[in-house]
C-alpha cells in the first residue's frame with residue numbers, strides 16, 4: 001500500500017498572531033506540537049506581503065523542526081535567496097496576488113518555462129526538492145515535467161468548493177486522470193487547498209497521491225479540540241481512506 005502523508009500548514013496560526021501584532025500564538029510551537037501529534041511535514045507560505053508567516057518564522061522552524069519543511073513561495077528572486085539560505089527540504093512554487101485572501105488557482109508553468117527551469121535547477125543544486133502548485137491540467141503537468149520539477153501539488157480548491165454530487169464526481173475524475181498522467185511522467189503527486197474533515201477522504205483514496213497539505217481546517221478545529229487531536233483526527237481520516245481504497 002502506498003502510504004499517505006499529512007503536511008500541516010501553519011499559516012493561520014501566524015494569521016491570528018498578526019491580527020493583533022502580538023508574539024503569540026507562535027506558529028513554530030504549533031509546528032512542533034503538530035509533529036508530535038503525527039504531522040509528517042510542516043508547510044508554511046512566506047508571502048511577498050508578509051501577511052502571516054514572517055522571515056523569522058522560516059529560519060526558526062528550519063533550526064527546530066523534527067520532520068521536514070515545505071516552504072510555499074512565489075517564484076521571485078527574493079524568495080529564491082531566502083530558500084537558498086534556509087535550505088528547506090521542499091519548496092512549493094505558487095502564484096500570488098496581493099489582493100487575494102488565499103491562493104486562488106494553480107501556477108501557470110507553461111507560460112514561464114524558461115524562468116522556472118532555471119529556478120528549479122538552482123533549488124535542486126541546493127538539495128531542495130521543488131514542487132509546483134498547479135491545476136489538474138494536462139498542459140501544466142507536461143510543463144512541470146519539462147522545467148525539471150520532480151513534484152506537483154494538485155490544486156483541490158475547485159473540488160472543495162463544489163456541492164453538487166455530479167460535479168464533485170466529475171472533478172474527482174479530473175484529479176484522478178491528472179494524477180495518473182503525472183505518475184506516468186515520473187512525477188510525485190501531492191494535493192491540497194480547501195480540504196477539510198468532510199471532503200478529504202475522496203482525495204486520500206487516490207492511491208498515487210503521496211501527501212496532502214492541509215491548514216485552515218485543522219487550525220479551525222484546534223480551537224475546539226486542541227491542535228494534537230485536530231492533527232491526529234485528520235491523519236486518521238486520511239489513512240483510513242487510503243486503506244479502504246486498497247480493500248476495495
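Quick reminder: no glycine exception, Cβ is built from N, Cα and C everywhere.
Annotation source Swiss-Prot lists active site, proton acceptor at 45 (among others), citing sequence analysis.
In the three-state DSSP assignment, the secondary structure recorded for residue 72 (active site, proton acceptor) is strand. The active site, proton acceptor annotation in Swiss-Prot covers 72 (among others).
Under the DSSP three-state reduction, residue 193 (active site, proton donor) is assigned to coil, being neither helix nor strand. Per Swiss-Prot, the feature active site, proton donor maps to 193.
Swiss-Prot lists 9, 20, 194, 215, 216 with the feature 3-amino-2-oxopropyl phosphate binding site. Mapped onto three states, the DSSP output places residue 216 (3-amino-2-oxopropyl phosphate binding site) in helix.
The Cβ of residue 52 (1-deoxy-D-xylulose 5-phosphate binding site) lies under 8 Å from the Cβ of 11, 12, 14, 15, 17, 18, 45, each of which sits 6+ residues away along the same chain. Positions annotated as 1-deoxy-D-xylulose 5-phosphate binding site by Swiss-Prot, on the basis of sequence analysis: 11, 12, 47, 52, 102.
Residues annotated as site 'Transition state stabilizer' in Swiss-Prot: 153. In sequence order, 92, 131, 132, 133, 134, 189, 190, 191, 192, 213 constitute the residues six or more apart from residue 153 (site 'Transition state stabilizer') in its chain with CB-CB distances below 8 Å. The DSSP secondary structure for residue 153 (site 'Transition state stabilizer') is strand.
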Filter the recorded positions 20, 47, 193, 194, 215, 216 down to the ones within 10 angstroms of residue 72 (active site, proton acceptor), Cα to Cα, kept in sequence order. 47
Which has the fewest other Cβ atoms within 10 Å: 11, 72, the recorded positions listed? 11
Using a 10 Å cut-off, grab the number of neighbouring Cβ atoms around the Cβ of residue 12 (1-deoxy-D-xylulose 5-phosphate binding site), all chains included. 20
Considering the recorded positions 20, 45, 47, 193, 216, which residue's Cβ sits among the greatest number of other Cβ atoms within 10 Å? 193
